Amino acid sequence: MNWDDTAPPTSEDSAAGAPDRLVGADADGEDTAVEAALRPKDLEEFVGQERVREQLDLVLRAARARGATADHVLLSGAPGLGKTTLSMIIAAEMGAPIRITSGPAIQHAGDLAAILSSLQEGEVLFLDEIHRMSRPAEEMLYMAMEDFRVDVIVGKGPGATAIPLELPPFTLVGATTRAGLLPPPLRDRFGFTAHMEFYAPAELQRVIHRSAGLLDVEIEAEGAAEIAGRSRGTPRIANRLLRRVRDYAQVKADGVITREIASQALGVYEVDARGLDRLDRAVLTALLKLFGGGPVGLSTLAVAVGEERETVEEVAEPFLVREGLLARTPRGRIATPAAWDHLGLVPPQQRAGAGGQQGLFGA
Ligand SMILES: Nc1ncnc2c1ncn2[C@@H]1O[C@H](COP(=O)(O)OP(=O)(O)OP(=O)(O)O)[C@@H](O)[C@H]1O
């Protein structure tokens, strides 16, 4: 089944064999182009994540007061929550340049040595998906982080020699969606670790108002609330839905985003009131209607919705679990009472109860 051929694919989604989705948290091509314009430029403008902001503010202020380079920072959290944005803010607050790269781009220790040796004093090195770096590069990074030094190996076999190379002090900002996958020696070398949480609807409303201002779109508070409620706790999704609703408001109305316009627009894009899209609902509907709410095995569920097992497991399920609509148990997937509620269906036990009463008291 092709559940959404209008939406563009995302990196994680495509890894799982699914097409791109409007509610996918990874950046698509259009996001990349627009995000630069929507990124908050300093900690003051950065919405939400109060604890992280406060702690980071202290770390940066103290470093500035000492005239030193800031400690290495590890940011963990789901895609689209603002890790890249925060790394840019760290550089801006320190008045330092920033270099951006990612774990998968560093396959050899030599790739990393080339980057490290060209850093300027105080520069911020943003290493996205740090958990996907190769092992030799990771080991080189330990020494670079701790002693601002690397050993570059020249030659091979018995004739190989290590040439020590001094590095200027720099700040590494590592980002990962999987903090648990980082080896402890790497994790321990960060002076400050921040876990980014999903955003509350009120925070997403602030993100949406701010972005609407930058995009020169008129939006009512209730319109922003409607979009926020469907954004899955993620600013990137909120900004993307805002752009689609803006299109709808321009084409179908007078350009102003009201609650009604937002709700109609997101109805057209099949993003429901809780932020579920067509794939999420297909999984939930099959679980409820075909399997009475489970338990059912993952493979059976995937066949029932005509998707790959990985697509159901990696693309649809995490959000359904997070929303408390589906649970993974040793016996299989089961729907929660909230799932029946959300799709407006009645669980079999309740139906049986109602039927039983009819049997007793009905004509
Ligand atoms: N706290 C925030 N306040 C306002 N806008 C935000 C905030 N966090 C993120 N955004 C916006 O959301 C978008 C995505 O943010 P960003 O690229 O920093 O996420 P990320 O966590 O680095 O994602 P990924 O891990 O996929 O690279 C950007 O347009 C950014 O402006």
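We number each residue from 1, going along the chain as drawn.
Glycine is no exception: its Cβ is also placed from the backbone N, Cα and C atoms.
Note that this is a predicted model, so its numbers are computed, not measured.
According to TrEMBL, the protein has these features:
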- Arg309, Arg328, Arg333: DNA binding site (BINDING)
- 69-200: domain 'AAA+ ATPase' (DOMAIN)
- 1-29: region 'Disordered' (REGION)
- 19-199: region 'Large ATPase domain (RuvB-L)' (REGION)
- 200-270: region 'Small ATPAse domain (RuvB-S)' (REGION)
- 273-363: region 'Head domain (RuvB-H)' (REGION)
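Structural mapping of features recorded in TrEMBL.
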residue	record	contacts (Cβ under 8 Å, 6+ apart)
Arg309	DNA binding site	Leu298, Ser299, Ala302
Arg328	DNA binding site	Glu317, Val321
Arg333	DNA binding site	Leu287, Gly294, Pro295, Val296, Gly297, Leu298, Leu301, Glu317, Leu326, Ala327
Averaged pLDDT score, the region 'Small ATPAse domain (RuvB-S)' (200-270): 96
For the DNA site built from Arg309, Arg328, Arg333, further residues of that chain with CB within 8 A of the site's CB center: Gly297, Leu298, Leu301, Ala302, Val312, Glu313, Glu317, Gly332
Span of the DNA site, taken as the largest CA to CA distance across Arg309, Arg328, Arg333 (Å, rounded to a whole number): 14
For the domain 'AAA+ ATPase' (69-200), the number of residues DSSP places in helix, strand and coil: 50 helix, 36 strand, 46 coil
